[in-house]
Each structure stands twice: as structure tokens, then as C-alpha cells.
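To start, the structure itself, in C-alpha cells.
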Amino acid sequence: MFVHLLVLLFAAVEAIPTGRFEVVYPSMVTFRSGIKRIRFRALDEDIELRLEPAGDVIADDFTVINGENGEVDHSVNIQSLKRKLYKDAKVGAALHIDEDGSLIINGIVNSKLRIEPDTSKKASRNGIIAHRVIEVIEDEQLFHDVIILPPGLTRTFNYSEPLPDDKCVKIEYVFVTESSFTKSFQISSMETYLANMMNMVKIMFDSLDLGIEVAIIGIIKLTKENEAKLAPYIPLCSREMDSRETLDDMAEFYCNSADKLIQNADIVTLITTRPLGTFDENGYFFNIHLGIAFLDNICVYCYKYAIVKEDTGIYQLANTVAHESAHLLGCDHDGEKGSLDCSARDGYIMSWNNEKIGKKFSPCCKKRVEELITRRKINHCIVETCDGKRKRN
């Protein structure tokens with residue numbers, strides 16, 4: 001079905017837990033503006049976050065699908081989830097803050113620290129329960145990134161006319177969680193985890209300065225019981241997942257699907273923790289891929305798909321989701337084809353070595369995305385009339 005394959009080597013900066021953590025009792029103040037200030041000291045570092053509401057990454061009609069036959073889970077309180085999401089874009093924090101009872105904070109503090117409630121501590125201090133602040137380090141590892149060029153793709157590199165001021169760009173996601181990923185959330189909430197992850201993706205997209213909004217409209221939770229029925233494109237006989245073959249089968253399956261959730265999504269992404277890579281001619285598997293996506297096809301129904309691997313946690317997952325989404329929006333790797341003017345050594349998200357500026361997109365990627373969103377024949381799924389809160393500058 002798909003004939004062109006680009007495999008490019010890049011050094012992914014991953015967040016690896018160091019084993020260091022400290023128990024803290026964070027203080028929080030909420031101002032009239034809705035901004036929350038959180039302070040604590042951990043691992044010899046004074047932390048102060050100024051957090052703004054960030055519930056827009058969850059759609060008002062957010063839908064969770066699970067169960068043997070893919071039923072809608074009506075137990076999810078959408079407005080409660082949205083109300084508890086906050087971010088500090090300046091430092092790269094994305095948190096779920098639960099004040100229904102004792103204060104519970106969960107999520108990303110910055111690129112080096114995570115916070116979660118400490119369930120081993122029963123006592124509280126001045127009504128504040130204990131939290132663990134966990135240190136992670138950035139570890140450079142080599143992985144391959146895969147881009148598939150659908151047959152008949154004709155790429156242009158010219159601007160069209162700018163978007164009218166009353167038009168905004170919003171990318172709506174559906175995440176399909178492969179059973180190994182779903183299983184890891186027997187205790188903690190997947191919805192909270194993916195919402196915090198999506199806020200990190202939003203912070204990364206903000207570096208494009210194009211006013212792009214992102215939102216999760218649905219999660220399809222796969223389990224061992226429903227995976228074969230709801231996602232027959234996922235291999236059953238082998239734990240290893242051939243990235244190209246799986247994406248090919250995934251696209252073909254959903255291309256013929258009448259599922260309204262899939263139809264309404266701008267990007268459909270499979271999340272897995274299984275080994276993702278390729279087999280050689282002797283059947284040896286190389287576990288070397290973090291992601292795979294179609295290039296320049298966000299609004300093409302049969303090609304709006306990607307696969308990402310969660311390898312070392314939420315920050316790496318956010319980076320990979322942003323990276324593969326940018327491919328669908330038309331971005332090449334820095335230093336390649338449409339991004340020749342940006343060196344891969346600069347270290348942006350789309351470079352082979354993103355340890356320097358790994359939270360931002362390069363000027364070349366911005367140019368390609370800007371070209372896509374101004375091409376009326378291509379941008380129809382992500383450009384919409386702005387609401388009162390989202391007027392473009």
C-alpha cells in the first residue's frame with residue numbers, strides 16, 4: 001500500500017530516572033486570576049511554579065472507549081479532569097492538581113523533575129500530604145525515526161495566502177493505547193497522564209508561534225481481551241512490533257472504518273511500550289524506533305496516523321508525539337529536504353540530536369507548518385472559526 005520509506009538516525013534525549021527522590025510537602029496559593037503558585041524545596045533546588053489553567057487540551061466531548069466490545073466509558077468526569085489541569089509554560093511544567101480533599105499534585109515539574117503523591121506516607125503536615133519529587137536525567141541514545149511517503153504525494157514548498165484573522169488552527173487527537181501501555185495504568189489514571197503529556201506537547205507547539213491549539217478528543221483503551229477485535233492491525237504472535245508493517249495495517253484498517261471517533265480526529269496515534277523496530281532478512285529484530293508517521297498528510301483520512309513508543313516516561317513520550325505530529329504537519333528533519341536551511345546540530349525537536357533545544361521547533365519546521373495551514377485544499381480539517389477565547393493576533 002505504501003511505497004516510500006525514509007529511515008533516519010537521530011539521538012533521542014530521554015529522561016531516565018536516577019533513583020534520587022525527596023519527600024516534600026508543597027504549599028499552594030490560588031490568586032483571583034486563577035493562577036496557582038506552588039512552592040517547595042527538593043534535591044537542593046528551590047522550586048516555584050506559576051501555573052495557569054490548561055484544561056483546553058481535553059475536548060468538551062472527550063470520549064474514552066474500553067471494554068470487550070469497545071463501549072463508551074461514562075465514568076470519566078470530563079469537566080473535573082479539565083478543571084484540574086495546569087501548566088507553567090516558562091519552566092515546562094504540566095500538572096494535574098486535585099483539591100477535592102487533601103492537595104494531590106501529579107505530573108511534570110520541569111525537564112529534570114517529576115512529582116507524585118507519596119502513597120507510603122500516611123501522615124500529613126499542616127493538612128498537606130507528602131509528595132515524592134523524582135529526579136530524572138537526560139540520556140542521549142540513538143534511535144531511528146521513520147517517515148512514510150504515501151504513493152502519489154506531491155509536495156510543494158510555497159506559501160499560499162495567510163489565514164483570515166477569524167480563523168484558528170486546532171489539532172484534535174485520538175490516542176489508541178496498545179494493551180501493554182494500558183496495563184501500566186492499573187492504579188494511576190491514564191487520562192491524567194495523557195492530559196499532562198498533551199500539555200507538554202502544547203508547550204512545544206507554542207514555540208512555533210502560530211497559535212496552534214491541541215486537544216484530545218478520545219482515548220481507545222486496548223486490552224488483551226479486546227485488542228484483536230478493536231485493533232486487528234496489532235501483531236499477536238510476536239511481542240516485537242514491525243513499525244512500518246503495523247502503521248501500514250493500521251492505516252488500511254481505519255481507512256475503511258466508520259468509527260466516528262476516528263473520523264473526527266485530525267491525528268490518530270497508537271501508543272505502545274512494546275519493542276518497536278524492524279526485522280532484517282534473517283528475521284533478526286532491531287528495537288530501534290521511537291516513532292513512525294506519514295509525512296505531510298494530517299488532513300488525508302487514510303494517512304493521518306502515527307505510532308509512538310513510550311520508552312522512559314511522560315517527557316520522552318511528549319517529545320515523540322510532538323515530533324511525529326510535526327511530520328504529519330509537513331516538517332522534515334532539520335538538515336533534510338524541506339529543512340535544509342536548519343542544521344541538525346542546532347538541536348531542535350526535529351533534529352537528530354535534540355538535547356540542546358529539544359523543547360522547540362526550528363524556523364524551518366515553522367515555515368513548513370505555516371505553508372500547510374495556509375493551503376486551503378489541505379488544511380480543511382485543522383482550520384476552524386475562532387471562538388471568543390481564541391482570537392488570533
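Note: Cβ is positioned from N, Cα and C throughout, glycine not excepted.
What Swiss-Prot says about this one:
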type     : residues : note
ACT_SITE : Glu324   : active site
DOMAIN   : 167-377  : domain 'Peptidase M12B'
CARBOHYD : Asn158   : N-linked glycosylation site
SIGNAL   : 1-15     : signal peptide
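In the predicted model, the domain 'Peptidase M12B' (167-377) shows an average pLDDT of 90. Under the three-state DSSP scheme, Glu324 (active site) falls in the helix class.
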